[in-house]
């Protein structure tokens, strides 16, 4: 409200929503009481009743659906908040872990486990991360509504479970490594979205490509060979398995499976952008094109993020389903 909004306005982002549908009592009643996306048979009936062309009715429903969607300014402010947090917590984590012995030698995560001291810096790092993900879960009900609401709700719930579980079992040393590793790419994705909303296409593409590289290196390289190696093998060697050991590693392996799926989606999107010079429309886009002409315009826009004239973001969220799924 006091920082992101003025920044958006200075970048030329207007607080104006999509084109509003012209008032029509009959279509409004169908929209609110029956369906927001009428089929062909219903369109034909409405066409005869109103003496309107079917294409005109389709356009009315498209405009009506869009007018309830958030503006580009609203999405910019949300992304700027997330960018600020991810960037801040990442540098906080790096600064804290740089002097931690287990950052350089992961076997230190298990020496004298579970009788390891909980320092104030480590405690605050955990609490900040936990508080943020709690806020994400609650704010989902008031923030921009997206098609992957249920997936993201489950994701945030699982993340909170992992953070809480590792804290209760005093696995906070290896937990800080996992948290810092995941924060390394998140702020780059939000930066790409900010550039997309501001219509800085080249900057947006550069941030997205950098995000893709960092994501794949950290999630497919560092995570399995650094994190999973210590939780599966070094911990087995130093402290041996116990009931929560199996659950903890099961969750971490499940996370690695998701990393593989998301990396595939990122690579596929980048490949399409390079080969075709554009990205196909994301199924999760939270604003529809308001006309067939706008669809054609957005499809002809080049770049990794193609921004249609209504400011639609192609990868809204932590990660999207279809093209992206929030991590």
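The backbone N, Cα and C atoms fix where each Cβ goes, and this holds for glycine too.
In TrEMBL, annotation is done automatically, which means it is predicted and not curated.
Annotated in TrEMBL:
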DOMAIN    27-71  domain 'Homeobox'
DNA_BIND  29-72  DNA-binding region
DOMAIN    74-275  domain 'TLC'
TRANSMEM  83-103  transmembrane segment
TRANSMEM  123-142  transmembrane segment
TRANSMEM  207-226  transmembrane segment
TRANSMEM  246-267  transmembrane segment
REGION    282-327  region 'Disordered'
COMPBIAS  301-315  compositional bias 'Polar residues'
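In this chain, the transmembrane segment (83-103) does not touch the transmembrane segment (207-226); fewer than three CB pairs sit within less than 8 A of each other, excluding pairs fewer than 6 residues apart.
Within the chain carrying the transmembrane segment (83-103), a Cβ under 8 angstroms from the stretch's Cβ atoms is held by residues 109, 121-122, 125, 128-129, 132, 173-174, 176-177, 179-180, 183-184, 186-187, 190-191, 194, all 6 or more beyond its ends.
When Cβ-Cβ distances below 8 Å are used as the criterion, the transmembrane segment (246-267) is approached by residues 158, 161-162, 165-166, 169, 171, 178, 211-212, 215-216, 219-220, 223-224, 227-228, 231-232, 319, 323-325, 327 of the same chain, each at least six residues removed from its ends.
Helix, strand and coil residue tallies for the domain 'Homeobox' (27-71), in that order: 31 helix, 0 strand, 14 coil [DSSP].
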